Amino acid sequence: MTTVRQRRVGKGAEAAEDQPSEETNVKPDGKTLPGHTGGKLWNILSVTVGGIVAISLGLLTSVYVATLHENDLWFSNIKEVEREISFRTECGLYYSYYKEMIQAASIQQGLHGLVYDNKTESVRTINILERMNVYQEVFLSILYRILPIQQYLEPVYFYIYTLFGLQAVYVIALYVTSWLLSGTWLSGLLAACWYITNRVDTTRVEFTIPLRENWALPFFAVQVAAITYLLRTHLQPVQERLTLLAVFLATFLFSLTWQFNQFMMLIQALALFILDCFDLLPTAKVTWLYVIQLSALLLVCVLQFFNSMILGSLLISFNASVLIARTIQKNLKKGGLLNRLGKLLLHVLLVLCLTLLINKFIKKILTLESDEHIFKFLKAKFGFGATRDFDANLYLCEEAFGLLPLNTFSRLSDTLLFYIYIFVLFLLAVAAVIVAFRNLSGSNQVQSMEKMEECTVTLKPDAAYSLVHTVLFGCLALSTMRMKYLWTSHMCVFASFGLCSTEVWKLILKCLHIYTSQRTQVIKYSIPIMTLLYISYKFWPGIMDELSELREFYDPDTVELMNWIKSNTPNTAVFAGSMQLLAGVKLCTGRTLTNHPHYEDKNLRERTKQIYQIYAKRAPEEVHSILRSFGTDYVILEDSICYERRHSRGCRLRDLLDRANGHIMDGVGENEPDLKPSLYPRFCEEIKKNLPSYTVHFTRVFQNKTFHVYKLAKHK
């Protein structure tokens, strides 16, 4: 098992800097500046200072996570094999394709090896560019080959520094989004500080560097920032076109770099749909965003050789259904309250039915089954019947796919983030309900402009989008812990915007009947500054201690295994074992695998279940036959899986296999009535006894405290 251990070596407060509002020479609180020239200079100064602070914070974040990574592993001092082992599970698999492209004789040969790959899955030739989102590795490897940096920078450092550099883009995008929403860069500063001080819950880039989400989330943050700007009123046509282009590019890059892009964008499309139904967003801009999502995803689909998971995605079906339903129901936004509610209900039902019909039709015509494991998992997770399905239970038993732990909220509360977030969320949710009711009732059409300006409760389109975005992604995070990073980062933006927003404080003070413009301005700046001072006082010493703590990578058993494989097995050898370990085997040794952690393929899922019979109660000749059917030469058994204690009974890998095979589980506890005792002992335990029935098929060739490697006999 991998561990980290202690090394054995010595060891401004700003003025009222409002962002330029949409009307020239007007502050966000509505007061005109003394003169045109003075206002312009003030805006230029504000934007310049705010931009410098944004870039500085982004770069500091990159340096911070890079330093943590170095301090935790002593990455600069460990061997290459140890560096590669540190890229765990699917991270190692993705990085292996970057390594292949770097080591290829030419770029063309490297690309050919990815398109016609026969080492990732034995006895099969697959197209890696179609199956996996690895265009970023391809691009980065080509960039490394053509830039004159080979003598100064190792390939692995070029790779990890790029990922750490994307963290700068991520923080800057969050900063800008908060600035756009509130009108002051103080809000962006607070959002960035919250992101850094809540690092445990906002990112995991420093220890899962090649993970797809670490590539994708910075582009998603850029897309949200561009959407926030797009939803402002009074944009010039040129500004709108450029912003739409920025949204498209960010959406495209986000979709290209993460296989779960379609599910995240589906949630975003649902947010747009809800807001459009209640007239909280301009319909024309919502339509553009639907089209951009579809265009970006279809372009990615083409680049991934018409990936079946994309073609059968709910996002394509949903967006197409919304556009069709809107064409059918042309007078959707006319009439009184009851009339509008009736039309709205019919519209929702029509969109839902069309989505299901279109999706079913596409999957039927193209016989798509790539994502069926996700729907099985969701069905079981939300209580729509128990299942013995191995793939669904594999997800259900992983902590990352469970509910968000309660201690997350205590950590977020320590920085005051969660308290302020809930406060702002409540206020804006109430405002949204009032505005939506007013829109549906048609009262906004009756009121004069003067009365509308005096109305206490308003909600700008960009704030409305941010509200629904955070609610929907919050629901996703609460249900699935792995997705919390999409929510917590936006939580920083949303809370800081609310704390620095003139509109929010104006609403509060008017409700308390103590509103004045001066009082609003004082509160708008003083409370965020006090919050920043509190965060700095409480967390700066901890950050300094964290940066001074030095550890080193330590996993001698895995290093020994990888070195043995490279030295004692032929380059063409085929290895079977756990998905997580085999990704490392491919990266460190270049040997052929039987299975791997990229689980979005039905054939691979069935193959993995068969390979995992090495941890089930099966006869040795059956296991040998299964392994040889995939061309296996060597099988690696791990004690940490065979004698697993990390999960409780019912969630250990051996328990999942027993239930799927209809066998009674080990240990004290209840079993389902129809489960029966197996006729054979557990394979991974019994093979170590060197009984004749096992040695005739398997010969042990390597052993240490963690791993046992057996060579398979090649019977005719």
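Glycine too: its Cβ is placed from the backbone N, Cα and C atoms.
What TrEMBL lists as region 'Disordered' is 1-34.
Annotation comment: TrEMBL describes 1-10 as compositional bias 'Basic residues'.
When Cβ-Cβ distances below 8 Å are used as the criterion, the transmembrane segment (41-66) is approached by residues 14, 17-20, 33, 160-161, 164-165, 167-172, 175-176, 179, 185, 188-189, 192-193, 195-196, 199, 203, 205-206, 543, 547 of the same chain, each at least six residues removed from its ends. Positions annotated as transmembrane segment by TrEMBL: 41-66 (among others).
As annotated by TrEMBL, transmembrane segment applies to 179-197 (among others). Tertiary neighbourhood of the transmembrane segment (179-197): same-chain residues 14, 16-19, 21, 28, 46, 49-50, 53-54, 57-58, 61, 64, 171, 203, 225, 228-229, 232, 415, 417, 462-463, 466, 489, 491-493, 495-497, 499-502, 524-525, 528-529, 531-532, 535-536, 539, 543, selected by CB-CB distance under 8 Å and a gap of 6+ residues from either end.
Per TrEMBL, transmembrane segment is recorded for 217-235 (among others).
Packing against the transmembrane segment (242-258) from elsewhere in the chain are residues 133, 135-136, 212-213, 215-216, 219-220, 222-223, 226-227, 229-230, 235, 264-265, 288-289, 292-293, 295-297, 299-300, 303: each is 6 or more residues past its ends and has a CB under 8 Å from a CB in it. Per TrEMBL, transmembrane segment is recorded for 242-258 (among others).
Residues annotated as transmembrane segment in TrEMBL: 264-281 (among others).
The transmembrane segment feature in TrEMBL is assigned to 312-329 (among others). Sequence-remote contacts of a segment are chain residues at least 6 beyond its ends whose Cβ falls under 8 Å from one of its Cβ atoms, and for the transmembrane segment (312-329) they are 262-263, 265-266, 269-270, 273, 287, 290-291, 293-294, 297-298, 343, 346-347, 350-352, 354-356, 358-359, 362-363, 366, 368, 370-371.
Taken from TrEMBL, the feature transmembrane segment covers 341-362 (among others).
The transmembrane segment annotation in TrEMBL covers 416-441 (among others).
Per TrEMBL, transmembrane segment is recorded for 462-481 (among others).
Annotated transmembrane segment per TrEMBL: 487-509 (among others), in sequence order. Away from its own ends, the transmembrane segment (487-509) comes close to residues 28-29, 170, 174, 177-178, 181-184, 186-188, 190-192, 194-195, 198, 201-203, 217, 221, 224, 412, 417-418, 420-421, 423-425, 427-428, 431, 456-458, 460, 463, 466-467, 469-470, 473-474, 476-477, 515-516, 519-521, 523-525, 527-528, 531 of its chain (Cβ-Cβ under 8 Å, at least six residues beyond either end).
Residues or ranges marked as transmembrane segment by TrEMBL: 521-540 (among others).
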(message) Give the nonlocal contacts of the transmembrane segment (521-540) in its own chain as ranges (CB under 8 Å, at least six residues past its ends).
(response) 13-14, 16, 29, 184, 186-187, 189-190, 193-194, 197, 414-416, 420, 496, 499-502, 505, 509
(message) Using a threshold of three or more Cβ pairs below 8 Å, and leaving out pairs closer than 6 in sequence, do the transmembrane segment (462-481) and the transmembrane segment (217-235) count as in contact?
(response) yes
(request) Report, as numbers and ranges, every residue of the chain located at least six residues beyond the transmembrane segment (341-362) whose Cβ falls under 8 Å of a Cβ in that stretch; write 'none' if there are none. (result) 273, 277, 311-312, 314, 316-318, 320-322, 324-325, 328-329, 331-332, 335, 368, 440
